[in-house]
Amino acid sequence: MERNSSDDEEDHQHLIPQNDTRIRHREDSVSSNATTIGGNQRSAFQIDDILHRVQHRGKISLNKRYVIVFVSLIISIGLLFLLTDPRELFAANFSSFKLDPLSNRVKESELRALYLLRQQQLALLSLWNGTLVNPSLNQSENALGSSVLFEDVKSAVSKQISLNKEIQEVLLSPHRSSNYSGGTDVDSVNFSYNRCRKVDQKLSDRKTVEWKPRSDKFLFAICLSGQMSNHLICLEKHMFFAALLDRVLVIPSSKFDYQYDRVIDIERINTCLGRNVVVAFDQFKEKAKKNHFRIDRFICYFSSPQLCYVDEEHIKKLKGLGISIDGKLEAPWSEDIKKPSKRTVQDVQMKFKSDDDVIAIGDVFYADMEQDWVMQPGGPINHKCKTLIEPSKLILLTAQRFIQTFLGKNFIALHFRRHGFLKFCNAKSPSCFYPIPQAAECIARIVERSNGAVIYLSTDAAESETSLLQSLVVVDGKIVPLVKRPPRNSAEKWDALLYRHGIEDDSQVDAMLDKTICAMSSVFIGASGSTFTEDILRLRKDWGTSSTCDEYLCRGEEPNFIAEDE
């Protein structure tokens with residue numbers, strides 16, 4: 001229903017009577033002032049007008065400020081968006097707000113992973129302890145194969161335990177606080193394992209003889225078969241014979257044999273024994289001038305296929321040195337080089353004992369006499385050095401300088417015999433001549449096992465073979481460098497000693513330098529059937545550098561391809 005205006009006015013009067021009274025009072029006052037002070041009416045209206053304008057201007061000024069602030073804010077936000085990536089700006093806050101449940105789940109997963117890894121570590125440690133206390137695994141009838149497998153298992157377990165601990169450290173690092181102490185008894189256990197550790201030579205178990213020769217009794221060494229490595233092995237056996245027969249050993253002349261004093265220190269042998277047990281040929285000749293310079297008795301260890309393994313040409317060389325040979329070549333027993341019999345100390349003393357001043361025995365390289373004694377670390381003779389026959393001081397120092405320059409401490413040495421080895425190996429069963437790709441696989445396995453950084457290559461192989469071998473020796477996707485001794489370079493000083501003493505171009509010095517470097521390696525890979533390799537193994541055994549990872553190339557394998565016979 002509509003209401004008229006009078007009703008509205010009545011309601012208004014009832015609702016706000018105070019306002020109405022003030023209005024009426026103000027109107028009465030204005031009216032009275034206008035009546036009594038007519039001249040001042042204009043002035044009063046001017047003041048009201050001024051106040052009204054001031055208020056109006058204030059409102060305008062305030063509005064301008066709001067506009068300026070608003071525009072500035074818009075510009076600032078625009079610049080912020082232009083100069084930064086909005087996603088990066090709000091990523092941290094939004095992600096922390098939205099992904100907090102996921103973050104909690106990640107933490108729970110990490111802690112769960114830590115628990116599982118700890119359980120794995122305990123299980124591996126249990127396996128590890130079981131391998132250590134079960135020596136029967138190393139004493140099985142399949143000695144070689146089972147021992148290698150056993151060592152590989154132990155190495156793998158050790159690596160897994162180390163990896164396990166590393167993973168735990170990574171997962172645990174975000175959860176650590178300043179007062180965290182999460183160590184356990186397991187962490188304090190030393191489970192490190194060196195797969196290619198040094199071999200315990202058990203020197204206390206050596207069986208030796210004393211070498212105390214009579215100063216007027218001599219044994220002339222005859223070593224003719226093979227090259228320098230054969231002769232050095234022969235010379236070591238001659239020392240054993242001289243010790244058993246109480247004689248001074250005469251080192252052969254370079255006109256009849258190799259020049260031994262260039263590669264080994266002869267006088268050092270006397271120092272190791274503490275007495276004169278060996279004498280150079282020239283010294284022997286000076287002593288013999290007082291008497292008749294001759295060989296009183298020439299005894300042959302082998303009777304076939306040729307007495308003493310000596311031909312007429314070598315007899316002429318001996319006589320050319322001014323030595324006369326009384327009597328004929330004789331053999332105390334029937335002995336074939338191809339099938340040598342096992343002989344004892346008593347056999348030698350009985351068959352080779354003589355009252356003659358000078359006797360010669362040859363050739364004893366193939367002699368199979370007390371091999372257990374001969375193959376001991378340091379040999380069968382009691383002395384105070386590590387070994388009696390070792391490289392000269394010049395060669396030792398040069399080898400050390402080469403290793404410091406090119407190889408470092410942890411390196412593998414490889415004797416890779418190729419020249420003339422194909423026919424030699426194929427005459428054996430099984431053959432020992434391996435195709436390059438197969439050889440590379442065998443080498444890579446040893447590198448992986450030993451963690452060697454570089455390989456020193458001692459070889460007579462052609463460049464075509466060594467280049468292919470280099471490209472194929474790959475471990476973990478990386479080619480393992482093969483290092484050979486470089487040609488002479490005046491800027492390099494590692495070989496300065498050899499040049500200073502004028503022996504840099506001697507092939508036997510080079511060969512002995514190669515042997516020395518190989519003998520000092522962390523791990524050695526040799527060539528089966530090579531006496532060069534055997535002499536390196538002798539040095540490693542005597543020096544205590546032999547490793548449990550030392551082995552012949554591709555040991556236990558046959559070549560995957562063998563050529564037919566001629």
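Please read every residue number as a count from 1 along the shown chain.
Here the Cβ of each residue, glycine as well, is placed from N, Cα and C on the backbone.
Now, the feature entries from Swiss-Prot:
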- His415, Phe416, Arg417, Thr531, Phe532: substrate binding site (BINDING)
- 1-14: compositional bias 'Basic and acidic residues' (COMPBIAS)
- 1-37: region 'Disordered' (REGION)
- 66-86: transmembrane segment (TRANSMEM)
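The substrate site, placed at the center of the C-beta atoms of His415, Phe416, Arg417, Thr531, Phe532, has further neighbours from the same chain whose C-beta lies within 8 angstroms: Ser458, Thr459, Gly526, Ala527, Ser530, Thr533, Ile536. DSSP assigns Phe416 (substrate binding site) to a strand in the three-state reduction. Its own atom aside, the Cβ of Thr531 (substrate binding site) has 20 Cβ atoms within 10 angstroms in the protein chains shown. Residues His415, Phe416, Arg417, Thr531, Phe532 are the ones the record ties to substrate, and the longest Cα gap between any two of them is 13 Å. Counted within 10 Å of its Cβ, the other Cβ atoms near Phe532 (substrate binding site) come to 22, all protein chains included.
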